[in-house]
Amino acid sequence: CYCCVLPSAFRTMTEDAVKVCVRFRPLLCIYPSELPRGSSGRVHRHVLLFADRVFTAEESTDQLYRDIAKPLVVSTVGGYNGTMFAYGQTCSGKTFTMMGSEHAPGVIPLAMEDVFQTIKKKEFLLRVSYMEIYNETVTDLLVDHWKRKPLEVREGMNVSSPQSQQSGHVC
Ligand SMILES: Nc1ncnc2c1ncn2[C@@H]1O[C@H](COP(=O)(O)OP(=O)(O)OP(=O)(O)O)[C@@H](O)[C@H]1O
């Protein structure tokens, strides 16, 4: 399983500004260590102690999107700041949930679809950047592959952050 963390104006479940949700993925028989041993129920009960919402293996990405991401998208388009990120060990399902596939789109394409559906009816400036932090290297993913070089990480109040060196795309 992995966790989604949702700070900001997201207030549908309690009044806390940060929500932690856990999604279980089905056991995958391609990993021998995951062959079912009937212990998932016990794990579930422990997770419930700290999560605001637990998504079982039977729940779809669509369901997860409707329950936790869409309210965040709506409040963000309304002018609030919002962040959603996924973390978890390798193969826990972060990419599956956030990116998905052509047939089962993940949270990011579903959110983009919703954003564009909403803003097409009004005048709106949308600026998009896309970066990867991998092994402490920050990369701008909107730059052509052959032109990419690591973004510099600087600290301090008056120096630019990685984001300010990034390409920004106005849609
Ligand atoms: N909810 C799910 N239902 C069915 N299959 C899933 C689900 N979540 C993940 N998987 C499958 O589990 C495998 C690992 O998932 P994924 O690649 O998303 O993990 P990851 O957390 O992004 O891994 P890494 O950190 O190594 O990139 C993939 O084969 C993916 O299709």
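Cβ from N, Cα, C; glycine included.
Taken from TrEMBL, the feature ATP binding site applies to Gly88, Gln89, Thr90, Cys91, Ser92, Gly93, Lys94, Thr95. As annotated by TrEMBL, domain 'Kinesin motor' applies to 17-171.
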Check: Least buried of the binding-site residues Gln89, Thr90, Ser92, Thr95, going by other Cβ atoms within 10 Å?
Finding: Thr90
Check: How many other Cβ atoms sit within 10 Å of the Cβ of Cys91 (ATP binding site)?
Finding: 14
Notebook entry, point to check: Which has the fewest other Cβ atoms within 10 Å: Gly88, Gly93, Lys94, the binding-site residues listed?
Noted result: Gly88
